[in-house]
Amino acid sequence: MERKQGEVDHLERSRPLTDKERVMIQDSWAKVYQNCDDAGVAILVRLFVNFPSSKQYFSQFKHIEDAEELEKSSQLRKHARRVMNAINTLVESLDNSDKVSSVLNAVGKAHAIRHKVDPVYFKILSGVILEVLGEAYPQVMTAEVASAWTNLLAILCCSIKAVYEELGWPHLSNSTS
């Protein structure tokens, strides 16, 4: 059963990252990124299993229902790698706000214009990322580190929502309110 979007409302509000949060995010990410393929696949499989409507944007595997089959999909694995590389670029650039803005702008534009992805899925994906990383890396994802990640993902969601608004995304008022 799909969860309600209210479960990720904490991703609606962001504030600038502190220096301490930047360091915690970068340190924790270094551990996660060592297993980026497995982590990325776990995140996308969880997204598609818990939120099956998110598969509508992926013609290559939207028909696959079984989690094990999803894990084996080469197309899913490729997209998981792209997601993890985008997060890696973001995390590596946390000291450069222009680079962060550029990355988020490019991701937002590509998903709005080319892929026509409803922006609510960025909030949903962010919640899934927090959930999977917390389960897979419990020693790394302490409450304090998870809070820093929540703030980073809120920044991501707010920035991408702003890109969609700038582009005049037609469904924005219905999807992320």
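Numbering starts at 1 and runs along the chain as it is shown here.
The backbone N, Cα and C atoms fix where each Cβ goes, and this holds for glycine too.
Among the features that Swiss-Prot reports, domain 'Globin' is placed at 16-165. Per DSSP, the domain 'Globin' (16-165) is made up of 119 helix, 0 strand, 31 coil.
Annotated heme b binding site per Swiss-Prot: His79, His111, in sequence order, evidence recorded as similarity to another entry. Within the same chain, the residues at least 6 positions away from His79 (heme b binding site) whose Cβ sits under 8 Å from its Cβ are Leu44, Phe58, listed in sequence order.
A 10 Å cutoff on Cβ-Cβ distances gives His111 (heme b binding site) a total of 20 other Cβ atoms nearby, all chains included. Averaged over the domain 'Globin' (16-165), the predicted model has a pLDDT of 95.
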